[in-house]
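What follows is a short report on a single structure.
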Amino acid sequence: MNAISHDVSKPAIAPGSEGSKLAALNAWVAEVAALTQPDAIHWCDGSDAENAKLVAQMQADGTLIKLNEQTHPNSWLHRSHPDDVARVEHLTFVCTSEQEDAGPNNHWMSPADGHKQMDALFAGCMKGRTMYVIPYCMGPIDSPLSRCGVEITDSPYVVANMRIMTRMGAPALARIEREGKFVRGLHSIGELDPERRFIMHFPEELTIKSYGSGYGGNALLGKKCHALRIASHQARNEGWLAEHMLILGLENPQGETHYVAAAFPSACGKTNLAMLIPPEGYRAQGWKVWTVGDDICWMRPGADGRLYAINPEAGFFGVAPGTSRKSNPNALASIRHDTIFTNVGVTADNQPWWEGIDNGDTPVTDWRGNVYDAAKGPAAHPNSRFTVSAKQCPSYSEQAENPAGVPISAIVFGGRRASLVPLVFEARDWTHGVLVGAAMGSETTAAATGAVGVMRRDPMAMKPFCGYNFADYFSHWLSFDKTGAKLPKIFHVNWFRKGDDGKFLWPGFGDNLRVLEWMIQRVKGEAGSIETPIGHLPADGDLNLDGITLGEEARAKLFGFDHAGWQAEFASIGEYLDEYGPRMPQQLKDEQQRIARDLAG
Ligand code: GTP
Ligand code: SPV
Ligand code: MN
């Protein structure tokens with residue numbers, strides 16, 4: 001084991017290094033230690049022995065509770081502070097020198113004020129605690145598309161999660177030593193006081209400071225803070241894209257695999273689509289879905305002009321509620337062992353439990369650790385999650401480890417829309433597709449604190465995650481359409497359209513394969529459609545509906561085009577684009593106006 005716990009009176013030098021190659025890292029660690037004053041410093045090597053020691057320590061102090069060893073070997077329950085259960089968008093800042101660069105889509109503070117405010121919180125905050133230094137790599141360790149970071153944290157729970165979610169430890173440190181460049185993430189759980197909680201990003205300095213939360217995207221800094229907010233800024237400068245997208249491979253009966261990247265807002269179906277199991281008839285023919293990633297996608301044009309994508313993550317931090325053998329058998333198979341569950345309920349025999357698990361069990365304890373009482377709310381928090389290695393997923397694609405990435409044939413945008421938006425439509429071209437992404441709307445979910453079910457604009461599912469001005473982000477997207485580019489087709493889906501009775505009209509989950517099939521046929525020029533002002537919709541017979549029954553209302557709403565409704569929607573999209581002023585690319589405004597005129601005429 002390389003890791004050493006340092007007495008803070010000694011210099012905190014990275015293990016295995018002599019001399020200056022890690023000088024910047026060592027200097028930063030020393031600077032943070034001087035500010036936060038931990039009792040000890042531990043450099044994480046990512047080994048099993050290190051993990052076992054940390055887990056034992058967390059079991060002893062109650063941070064982790066052991067689950068039923070027979071049914072869920074080596075699996076743990078963590079109960080977070082009840083006020084710390086989701087991302088906090090209102091406390092998340094992007095600190096750029098110019099406010100305009102952060103854009104109206106972000107909360108902004110000047111870098112000087114941001115550092116001042118955060119450093120005051122961090123001063124002495126690790127007294128009595130151990131400071132963990134976590135070197136990590138986002139993406140396959142040998143991929144040129146990957147990027148490294150170091151997270152410093154005082155939370156052993158964060159260390160255990162980062163070990164699953166990233167390539168963490170010695171190999172990452174070796175790459176950092178080679179490259180010299182890394183994203184700096186400083187995190188402390190602080191007092192877990194919502195009044196003393198901020199997540200700040202300094203994209204110009206490749207730096208993150210997060211204080212006062214131990215939960216998910218607030219604390220596992222490799223995930224949303226690095227791989228989306230900081231990476232989107234880097235991607236813009238370097239000519240690539242960092243997106244809130246799943247990546248899947250769709251294998252047809254002929255054995256061809258097409259890769260699809262899809263952006264849906266938080267808790268809107270990425271994990272489920274990425275792990276889809278085809279309906280019975282399709283399975284018999286040989287259709288298969290391979291999982292490359294379920295949350296984040298980094299894409300870059302290859303020498304052949306196509307976009308190549310990697311999943312920067314190594315694990316899944318997936319939504320528990322609604323996950324069942326019926327809805328997502330691959331997820332359920334993944335989490336049978338070596339899994340950390342956060343904020344779920346438990347059964348009498350100590351198995352994890354959540355609403356929609358649908359396995360005949362009943363909960364006795366809720367996510368807070370109280371006796372379960374249905375009158376007091378759900379047993380599992382609506383944003384309860386599982387953390388598990390991607391390697392445990394039966395559908396995990398070996399291509400996810402390919403350093404070159406996978407070529408993307410289709411990009412899909414989608415939202416949670418009870419009304420108006422049909423099941424699927426295809427954009428006419430790249431510019432139209434970028435507008436479709438920019439105009440995305442979705443009803444809010446429990447993944448962030450605040451009201452649930454409120455429709456808001458969430459362009460490309462990046463509203464909470466774009467590290468710079470959305471106007472510049474859309475320009476960057478448009479810039480990919482250049483000579484020699486072989487860009488994917490762009491589609492929009494809505495699995496969440498409701499009928500007059502308030503129920504979902506589309507069966508969803510495995511049956512979403514029918515929509516993927518149509519998309520790939522469109523890519524290959526093999527399927528029909530009808531053109532409307534909003535794009536191409538499948539006409540009667542274009543999409544295979546064999547084996548499912550849809551009533552008249554369902555057919556009309558899933559495949560119909562509500563002219564008056566879209567007129568109003570396009571007026572609202574125009575107003576939204578105008579909120580960004582002259583910085584919004586004219587090309588996108590022209591596209592919006594052209595469609596608005598089409599709808600009027
Ligand atoms: P984040 O991890 O927050 O980024 O979310 P995600 O996009 O991966 O969402 P996930 O796949 O975990 O789905 C969230 C919720 O939507 C779960 O409760 C699912 O059961 C539900 N869901 C997913 N796909 C479908 C679908 O096709 N139809 C319906 N009705 N619900 C779905
Ligand atoms: C999301 O909210 O989109 C998530 C969970 O994937 S978190 O890691 O908390 O951001
Ligand atoms: Mn997400």
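Every residue, even glycine, has its Cβ placed from backbone N, Cα and C.
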Candidate from S143, S266, S327, S442 that TrEMBL assigns to the same substrate site as R87, Y215, G216, G217, N383, S384, R385: S266
Additional site residue, R236, R300, R416, R417 [criterion: listed by TrEMBL with A267, C268, G269, K270, T271, N272, R385, F509, G510, D511, N512 for GTP]: R416
Mn(2+) site partner of K224, H244 (as recorded in TrEMBL), chosen from D193, D294, D295: D295
Check: same-chain CB within 8 A of substrate site center, minus R87, Y215, G216, G217, S266, N383, S384, R385: V85, A86, F317, A447, A448
From K224, H244, D295, F509, the binding-site residues whose CA lies within 10 Å of that of S266 (substrate binding site): H244, D295
Site of maximum Cβ density within 10 Å, from binding-site residues Y215, F509: Y215
Per-residue Cβ crowding (10 Å cut-off), top of binding-site residues G216, G217, G269: G217
Distance, G217 (substrate binding site) to K224 (Mn(2+) binding site) (CA atoms, angstrom): 5
Binding residues A267, C268, G269, K270, T271, N272, R385, R416, F509, G510, D511, N512 (GTP) - maximum C-alpha distance in whole Å: 24
PLDDT averaged over the residues of the domain 'Phosphoenolpyruvate carboxykinase C-terminal P-loop' (240-595): 97
